[in-house]
Structure formats: structure tokens, C-alpha cells
Amino acid sequence: MAHQLKLLKDDFFASDQQAVAVADRYPQDVFAEHTHDFCELVIVWRGNGLHVLNDRPYRITRGDLFYIHADDKHSYASVNDLVLQNIIYCPERLKLNLDWQGAIPGFSASAGQPHWRLGSVGMAQARQVIGQLEHESSQHVSFANEMAELLFGQLVMLLNRHRYTSDSLPPTSSETLLDKLITRLAASLKSPFALDKFCDEASCSERVLRQQFRQQTGMTINQYLRQVRVCHAQYLLQHSRLLISDISTECGFEDSNYFSVVFTRETGMTPSQWRHLNSQKD
């Protein structure tokens, strides 16, 4: 078995007193599977890519938020103008008396829900705090580490306030149409999605929404939905014993032959080949 890449604190933190830092990825390149001896928050600003976290694939784009524990293994592939930021931190170095464990999923162990989403409002507020945090964490002046930790605490609480599960916006949300569209797409894994119906409900222009979606994500709406479904199929093929025909239905494909064609085109192998290859990992 090949030696797994592990990213180390000494390469990312200025000193053993520093608890928090920001690692920009403008853009994020393909990155082989790795672990860390620190933890991180990942926020995606635009573009798209394939993020595989603990053998589960996610097609990521603007607004995706991940809580990564040191022991988690993850990688990036099939990236397309993917812009994100990693807010990296060492739990054992944090000194503020906050309920870190309650606020950060998987803070003390690789558990809890790692994947969430942020709408445009949450993204704008997070970006502002991260900018301040990045500035403080790069300073070599008195109390820079303390200021950075205060800002990190603010960011963590802000994310708690604004995050939501990928397929369920809060009913009182005032998020943009693009946020609502991405959420509706995530909730359409098993059922058909009709863009014209969505636009009628939202009283918006289908053409303008298509353009806005492509500008922000680097994909068409159909490409995104298809790839989200294929990612879910990959997960089910590896981690369930469902028949391929049943997985096809679970992932919104009415015809299993068409599912096989789409899956093969997206992954380079048939569903059966994928299942056989990845079952050897478990």
C-alpha cells in the first residue's frame, strides 16, 4: 500500500504558538489524497471540482462548506476554476473559553456532519471576517495570535448561524435565487427537476438564471445536477448492496441503461467496474 501524504503543522504555521491560519487556493489545483496533523474549515467561493472526503465524493461549487478533522482523508480532482479558502487550526492550541466542540462538527474526532452550505449572505459575512483573520495571522506584532483566535471564534459562530444542509434551506431564508436553485437541485436526487417550473415559482428569467449559474459555478445547471447524481451513485455503489438498477432509480435515472451511459461518461468506467474496484478499499 502506497504511503499516504500527510500535511504537517510546521509547513503551514509560523510558530508553535499560532493556533489559526488561512491558506488560499486561488485556484485549487488537483491535490492527491492526504491527511493532516491539524484541522481545517473549507469554504468554496466559485468554480467547481470533485472533493472526495473519506471515500465519499462531492461535486463542490460556490457556497459549499466542509469541516475537516485531522484524521480525515480527502482529495481534489476534476477542478474547473475552483477557488476556495482553507482556514486551518490546531485544536490543542486554542485558548479562548468557547464551546468549540459544540460549534465545530467533528472538533474532537472525525465524526458529525462534515458537509454544509452557505448562502450568499453568509458567504459575504464570512469573507469579511476571513480577510481580517488572514491579515492578523500573517502579522508579527503583539497579540496577533490572540486577535486571530478571536476572529476565528467569530467566524465559527457566524458559520453556525448561516450554515444549512445541502438540500434544505431554512424556511425563513432570504437567500438569493442562485442559493435556492442549488438547494432545490440537491433535493432533486431522486425526482425530476424542471427549471421552467422553478422559474415560474420564483418569477425570474430562465435565461438570466442559467447565465448566472454558469458564471458562478463554471457548469450548466444540467451538468451540475448530473454530476451530483453520479457522485451519489458512486457512494451507493461502494457503500451499499443495492442493485445497480435500484441505484439508478435512487439517483434520479428512470432508465438503468441511460444511467450506465452517463456514469461511464463521467467516471471512465461502468457502474459494475466502479463497484468492483472500490469494494476492495472497504
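Backbone N, Cα and C atoms are what each Cβ position is placed from, and that goes for glycine too.
What you see is a predicted model, and the numbers here were worked out from it, not measured in a lab.
Noted in Swiss-Prot for the protein shown:
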DOMAIN    179-277  domain 'HTH araC/xylS-type'
DNA_BIND  196-217  DNA-binding region
DNA_BIND  244-267  DNA-binding region
SITE      ASP246  site 'Interaction with sigma-70'
Take the Cβ of ASP246 (site 'Interaction with sigma-70') and count every other Cβ within 10 Å, whichever protein chain it belongs to.
13
Checked against DSSP, the composition of the DNA-binding region (196-217) is 19 helix, 0 strand, 3 coil
As a test of reading the model: what is the averaged pLDDT for the DNA-binding region (196-217)?
94
